[in-house]
């Protein structure tokens, strides 16, 4: 029914409708063509960097012409004139020309456009790479921040356990670890022991052999190494249910102990030991280890090694400090005990010195008095033997006291100006009688350049020379003894046998070399090193039992020479070939030689010593009755008028202007000798009315003499006292008003 119905009839035919569609299309095409140039003009106006503006102008002209062609074509759909045909033709010709020119231009422009595109892609790639590098830098900065934070936390303490525990906690927090553990080597070094864990899921104390392949792999490289989650050192989580284990890395931690370090050297690599740090990512996680995380672990391991080494050094230093404190306490205790022992010994020696000299004083004094009486030859021989034995015992007492003071360092040299030539002549005069008895020729040779006066300890130097020459005479049966003294030149100062002796020449002092050569019994080579040892004698000496001696002489001489900044030695080619004793001492040069000659008071010659002191009133104060009686006997034998007292109070009451000399023992009860001398000075207002005060003592060192002189005493006599010594002391005292040296 609908086919038969003709309700709609079109106004145009199909051809007309087609023409209408073309007409409308050409209109819109022309409109579009004309709008595109406007947009290009706007683009060119706004763009200041586009390099192809003329191409855009040309392309705009091409589009305008195409649009004009389509617009003109609108009039060709109906009847049109020839003018329209001409215009249409011109437009199409121009369009063809411009389109061909544009196509040719595009052939040249397209490569440039492609290169621009290439540069654009290159810049995009560079930008992406820069973004990756910036991300890496940010990651490294983040890693560095974590490293600084971890380092600060690790090094905030020097306790080894705190360092290791803090390391695990901070690594677990920073890297979000499921577990972190530290395996430490055992004392034997054959196993690794699980010592620290992050969550303490496994019991501490579990051990594994240190020679496992996985451990050797980690210990053999200085980097973090990924290991299997099933390796023995990675089984630090409880097995509960099914799960996918996270990735595990391990890194070695060097353990450098203080004992690894050697003086002026680095620790040997073979002595290093390592701990093993194991780190585990969370289970059932797709997370993997990144490079920056591995670097963080490696840096932390190095920091832990440094912190542990510092902790080990601190522990060693603390132990050393404690040990040093213990040693200091022990040394201080030993020092106090030694000082107590030295004081006790000195007190004992002081008491024994006084107590031993008192009977010696009696023996020598009485023996010397006996020698002045009529004796049979047999009796005189006995008395002389008593005198020799007593003098030997007195010398031994002096040697023991000197040695004791030398050993504890309390002995000081008593330096002063003295006549050096006179000292040698006095020693020779003392030795000559003994040498004459043995028919020995004793020769003294003093070099012309040897100064007549010198500064030094005259008494100690005389003791050294007397001892050495006395030994030469004692152990020589026949032949000769020569004594040579000269100023040691540079070539004579050094001795190859004494490399520790370093003399230093100066304008204020000189070195004197003394050589004593004898033709005596000689010394065997094996005995030479023992000569200067206390209580030691060589075979030749010990074979001569009648020679006497205690073996202290050379030992004391050596110490005296050392105090004088010198050196002493003995040479011998063997038994029976004699020996040469040589010593070098340092002596001062007087500043004004002419003045020093007057300062050195010559001793009274023996020919000028008075033999009798008739009418000389003397007061003797001594607490010991025997010593008091002996001293009185000596003075009575010399013709003195003697009064005796036994205490300081009696002495102060008894002393008067009639007494010329007061002999007092300084070791008396009550007021000591120094105060006693002061009280006597106070008792007599005028100096010429005061008697001369002489101390009788067992000590006559420099300090003692200075103390006596400061207290106002006029002289010191060293016990024991013989008749000859008392005679010389009184002669010098009355001649000069004082005794210059302890007799």
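Here the Cβ of each residue, glycine as well, is placed from N, Cα and C on the backbone.
Quick look at what TrEMBL lists:
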- 471, 472, 473, 474, 518, 550, 554: ADP binding site (BINDING)
- 719: ubiquitin cross-link (CROSSLNK)
- 351-591: domain 'Histidine kinase' (DOMAIN)
- 617-734: domain 'Response regulatory' (DOMAIN)
- 665: 4-aspartylphosphate (MOD_RES)
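Sequence features annotated in TrEMBL and their locations in the structure.
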residue	record	CB count, 10 Å
471	ADP binding site	23
472	ADP binding site	26
473	ADP binding site	19
474	ADP binding site	20
518	ADP binding site	26
554	ADP binding site	23
665	4-aspartylphosphate	23
719	ubiquitin cross-link	25
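Per DSSP, the secondary structure of the domain 'Response regulatory' (617-734) breaks down as 55 helix, 25 strand, 38 coil. Looking at the domain 'Histidine kinase' (351-591) alone, the prediction's average pLDDT is 78. Geometry remark: residue 471 (ADP binding site) versus residue 719 (ubiquitin cross-link), CA distance 25 Å.
Residue 719 (ubiquitin cross-link) and residue 473 (ADP binding site) are 27 Å apart (CA-CA, integer value). Separation of the C-alpha atoms of residue 554 (ADP binding site) and residue 719 (ubiquitin cross-link): 24 Å, rounded to the nearest whole number.
A distance of 28 Å separates the Cα atom of residue 472 (ADP binding site) from that of residue 719 (ubiquitin cross-link). Across the fold, the C-alpha of the residue listed as 'ubiquitin cross-link' and the C-alpha of the residue listed as '4-aspartylphosphate' stand 10 Å from each other. Cα of residue 518 (ADP binding site) to Cα of the residue listed as '4-aspartylphosphate': a span of 43 Å.
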